[in-house]
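Novice: The structure follows.
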Amino acid sequence: MTRKFKAAIIGSGNIGTDLMIKIMRHGRHIEVGAMVGIDPASDGLARASRLGVGTTHEGVEGLTRLPIFEEIDFVFDATSAGAHVHNDALLRKYKPGIRVIDLTPAAIGPYCIPVVNGKQNLDALNVNMVTCGGQATVPMVAAVSRVTQVHYGEIVASIASKSAGPGTRANIDEFTETTSKAIEVVGGASKGKAIIVLNPADPPLIMRDTVYTLSDVADEAAIADSVARMAADVQSYVPGYRLKQTVQFDRVENLNVPGVGRISGLKTSIFLEVEGAAHYLPAYAGNLDIMTSAGLRTAEQMAARMTAGTVAA
């Protein structure tokens, strides 16, 4: 039997706890070695302890003092953008070659969207999983980009307010900045813009995303087919990811886009929804589910490469 690589999860909140459950249920090459938090009374640490996972409420410093740290090859950071910079530096002081999956908007490593550029980043020591909105929408921008030149990409991510914990709320500015940049760097748009909406509806609604691209005129059927194939690729690790309706197309003439200028061409509108797998969080928290699923997929592919020298299918 192939040995599993041990991973530590930093951040015992919603994302960290959901990730722990996912790894326990679905990890093929990864297993949970430790859960790290800063609140000794957190539900995530208590749950990890009940499940037999080593815990510490003393942050990364506490992790380095755990006996299991010697065996840790992967770290998932589910804290905040500001904390991640400190965490990565401290981890590398003890283990320069440790693999860090950054689930915050810090982006000190390359942006990673598994279905778009995951395989190009398998040797990176730190990868950034962008944001929940980025994981849901950048693949769609990329789907259009592989058919035609995208001059502008804009996304609106609407998430249930109840699914937004303190980390998400503290990182709203970083969310928009990181997602906008990923639309360009990974999605292939010349200019990107991201908007996040915290929907206060009760009962909570599942994550919904709208993607707009302005591109050169191209074969609409080819774009629709590319979008459908990309959606199926994302569904391979986020089963609740789906197109809400058919892709819509409009011709635009001399449209003024702030920061870009006047554009004529094809406007493509893509409507998505993401339902969570409800491993730990409610089904409406698809925004958190897509982050943990993408993070685990990336780590699994890295681990498979480390084990066999090839990328897992």
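Every residue gets a Cβ built from N, Cα and C, even glycine.
Swiss-Prot lists these features:
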| type | residues | note |
| --- | --- | --- |
| ACT_SITE | Cys132 | active site, acyl-thioester intermediate |
| BINDING | Ser12, Gly13, Asn14, Ile15, Ser163, Ala164, Gly165, Pro166, Gly167, Thr168, Arg169, Ala170, Asn171, Asn287 | NAD(+) binding site |
Novice: How far apart, in angstrom, are the most distant Cα atoms among the NAD(+)-binding residues Ser12, Gly13, Asn14, Ile15, Ser163, Ala164, Gly165, Pro166, Gly167, Thr168, Arg169, Ala170, Asn171, Asn287?
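Specialist: Overall maximum Cα spacing for these binding residues reaches 17 Å.
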Novice: Taking the Cβ of each of the binding-site residues and counting other Cβ atoms inside 10 Å, which one has the highest number: Ser12, Asn14, Asn171?
Specialist: Ser12
Novice: Fewest other C-beta atoms within 10 angstroms of its own C-beta: which of the binding-site residues Gly165, Gly167 fits that?
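Specialist: Looking at the binding-site residues Gly165, Gly167, the Cβ with the fewest others within 10 Å is that of Gly165.
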Novice: Helix, strand or coil at Gly165 (NAD(+) binding site), per DSSP?
Specialist: coil
Novice: Three-state secondary structure of Ser12 (NAD(+) binding site) from DSSP?
Specialist: coil
Novice: Report the same-chain neighbours of Ser163 (NAD(+) binding site): residues 6+ apart in sequence with Cβ closer than 8 Å to its Cβ, ordered by sequence.
Specialist: Asn14, Pro204, Met207, Leu281, Pro282, Tyr284, Ala285, Asn287, Leu288
Novice: Count the other Cβ atoms sitting within 10 Å of the Cβ of Cys132 (active site, acyl-thioester intermediate), across every protein chain shown.
Specialist: 30
Novice: Check the DSSP secondary structure of Asn171 (NAD(+) binding site), expressed as helix, strand or coil.
Specialist: coil
Novice: Write out the long-range same-chain contacts of Arg169 (NAD(+) binding site), meaning residues 6 or more apart in sequence whose Cβ is under 8 Å from its Cβ.
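Specialist: Looking at Cβ-Cβ distances below 8 Å from Arg169 (NAD(+) binding site), excluding near sequence neighbours, one finds Leu198.
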Novice: In Å, rounded, how far does the Cα of Asn171 (NAD(+) binding site) sit from the Cα of Cys132 (active site, acyl-thioester intermediate)?
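Specialist: Just about 12 Å between their Cα atoms.
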Novice: Could you give the Cα-Cα distance between Gly165 (NAD(+) binding site) and Cys132 (active site, acyl-thioester intermediate), in whole Å?
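Specialist: About 13 Å separates the two Cα atoms.
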Novice: Should Cys132 (active site, acyl-thioester intermediate) be counted as helix, strand, or coil on the basis of DSSP?
Specialist: helix
